């Protein structure tokens, strides 16, 4: 499975998890499905067995998958720890810079130096000392000018505060990491995601909104309106014109008490939306996952997938695949037929080399 492909099924799995309410029952559902619908629990005891796993192989497979994601979880823990340490280090550095800048502002300005020039002359037989004192005014002005030139820099240094990261993610890579915005986006008052046939919109509500009668949802083929009922009227949470048509008959909504209004919109056509509402910032649909979910596969496509799965197991065990078995069955019917030159001989499938393209299913 390609990296990120498992996220395709998040919406379906989240629905199961919300229904059963806990991880233990969720795992029971998953393994119960494997028990009822697959050969996961069937053991290969004889060489003639065509389905199942060797003893212990299924358990080893589960353990291997568990260890894979356990390793990823430990890596995530380490990454979070490093990010926290880096955040603390940066905060300490910023605080140190702020303290230094504040201390620089409080340093006393040095007293202007007075320059005294002594001129000695011999006049009338005596020595006369003339003291010329340079007026302190210009010096003071220069000193103040120097201070005024430096002060803005010091204030700017003290005012340098790290910018807060934006509250909402802005790039599609961030949206893809969140199941609620997978193939969609996070907006100010709602979050939306989509697959090949449906869209899911989550509109947050206050914690005290726990009953369906406390909200109002109006859906038409081209618009949506979600409001919360209050004592003095309605408070609109989301309203606008849809960018594409929806099928209102198969669209529905529900309330997750104290969390959000969950609206499932059924697309009229099988194409990807770049926005829910007109005027909304569009997403880049070239950066979303356009693979179809298994939930959207019809019966005919499902039969093909089942056959491919069967062929995969057969190939691993060195046994005939579905196209070979079909030809073997036809050959075996005519092997002992009246007039057949092979009548009475043992039928050996190994005598035939059958290419997959030679068989029509």
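Cβ coordinates come from backbone N, Cα and C, glycine included.
Assigned with DSSP, the residues of the compositional bias 'Basic and acidic residues' (87-97) fall into helix, strand and coil as follows: 11 helix, 0 strand, 0 coil. The compositional bias 'Basic and acidic residues' annotation in Swiss-Prot covers 87-97.
Marked as region 'Disordered' by Swiss-Prot: 87-106.
Among the features that Swiss-Prot reports, phosphoserine is placed at 146 (among others).
The feature domain 'CS' is assigned by Swiss-Prot to 185-277, with sequence analysis given as support.
Residues or ranges marked as phosphoserine by Swiss-Prot: 340 (among others).
What Swiss-Prot records for 355 (among others) is phosphoserine, and it gives similarity to another entry as the kind of evidence.
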Summary of DSSP states over the domain 'CS' (185-277), given as helix, strand and coil counts: 3 helix, 56 strand, 34 coil
